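Trainee: Quick one: the structure is below, questions incoming.
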Amino acid sequence: MGSSKACMSTHLIAVLCLVAGARSAAAFNYADALDKAVLFFEAQRSGKLPPGQRVAWRADSALSDGNASNVDLVGGYYDAGDNVKFGLPMAFTVTMLSWSVVEFGGAMPGGQLANAEAAVRWGADYLLKAATATPGALYVQVADPYQDHRCWERPEDMDTPRAAYKVTSQSPGSDVAGETAAALAAASVVFRARDPAYSSKLLRAARQVFDFADRYRGSYSNSLSSVVCPFYCSYSGYQDELLWAATWLHLASSPSPSSQGMYMSYINSNGHNLGAEQDSYTVSWDDKRAATKVLLSKVLLQNRVEGLRTYKAHADKYICSLVPGAGGFQSQYTPGGLLFKEGDSNMEYVTSTAFLLLTYAKYLGSTGGAASCGSTAVTPSTLVSLAKKQVDYILGANPAGMSYMVGFGARYPRRVHHRGASMPSVRDHPGRIGCDEGFHYLHSSDPDRNVLVGAVVGGPDQSDSYSDNRDNYAQAEPSTYTNAPLVGALAFFAGPRTA
């Protein structure tokens, strides 16, 4: 670039030059990938589909959810390839999708932003229902997963039990309630300017759910172990969700100084017991410790809240663990350069990590800062470069030459572990396909009947090998919480500027 001197004139210009430099070697159409990443959420919708539904092979489903408990729990998202509505990953999805829009929505063209906001609202509307349906309770799941997994059937054909499960003061679930509060608060920030009434409604509910989560402490893995474990057990405990929720409530309560002060006081008083000094190097639907530290670093860097400096130090440790050659590096990468955390659904860790690298780069760049990695200062440009490598790997810059986003590029997975995608649509096959009859499609080597556009699958193993086999759920299953942070990362690389 011929503007290196201009890039040094102000911190703001430096950030903009950083973004431009990252895009100068763009190998992919990130705007197209962003469109597809958001479209995936429409394929995951449960309930009565809206008139503008773009995924035409889906139809209405689960229209009686909640009836057995005399509540309305219609709507929300199926988290992955089955037909259960799991509250913990759904709430995390809404939080991360909201964070993506908050940080990088300004980089999205109007149509893309509207679709991303619609995806946030679809999930937030459901969480509002779950939070307000019954006083003193939060509904956290619909359907028995063991019964659901006995069948391979389209959402439109479901005939398995749709029991609704809740946490209460007697059967607490501070983890799922804390994440729900975080999701509602984060979504309220998304709609603060565009729909103030809706934003206020979300924020009121978030405060109530947080109070419930904090007052009646306990893990939903204990209260509802028979239906949430081992599927979405809260292995990290509930402390991280309480601190995460308080952080989002602090941000969502602006510009109300009294409310902001209340949540900052909570963070200062409870942070030590809720994991302020604990280091975690994986961010997921279960563990938000590192993500909370990154988010609180934003408050420190932009508002100079000195009491949060310990969070910046631990955020640095997380970031340093990811950067090869930096002091504190301890991550594993495949020979092809993909961050590798787990054998099952590894891409969920890749997308959340890429997003956090970019948000931290944004926060640091806006104040002229860097991550302190031992004797090395890691610059925002290094973080952007590392995030770009991960995003590009997903889109096809990998040893297999395969895009792990369905429908993007010329070569992508054709046998996704997903009921609706694998089977003929109701439009093409109006007759019901029974529970056992559906397994023919699961085990078939035929390509998916419906292309699940935008879905990011679990991805390759530690040797960059991928088996395009529907039975291999560890590699072939997509999820909403994989796509949610990727929306923000793609918006960063697609847009002309940071949000």
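Every residue number used here counts from 1 along the chain in the order it is shown.
Backbone N, Cα and C atoms are what each Cβ position is placed from, and that goes for glycine too.
What TrEMBL records for this protein is below:
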- 1-27: signal peptide (SIGNAL)
- 30-490: domain 'Glycoside hydrolase family 9' (DOMAIN)
- His417: active site (ACT_SITE)
- Asp468: active site (ACT_SITE)
- Glu477: active site (ACT_SITE)
Trainee: For the C-alpha pair, I'd like the distance in angstrom between Asp468 (active site) and His417 (active site), rounded off.
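Mentor: About 10 Å separate the Cα atoms of these two residues.
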Trainee: Of all the active-site residues here, Asp468, Glu477, which one's CB has the most other CB atoms within 10 A?
Mentor: Glu477
Trainee: Measure from the CA atom of Glu477 (active site) to the CA atom of His417 (active site) and give the result in Å, rounded to a whole number.
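Mentor: About 5 Å separate the Cα atoms of these two residues.
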Trainee: For the domain 'Glycoside hydrolase family 9' (30-490), what is the mean per-residue pLDDT, to the nearest integer?
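Mentor: Looking only at the domain 'Glycoside hydrolase family 9' (30-490), pLDDT averages out to 96.
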Trainee: Let's check the environment of His417 (active site): how many other CB atoms sit within 10 Å of its CB?
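Mentor: If we count other Cβ atoms within 10 Å of His417 (active site), we arrive at 23.
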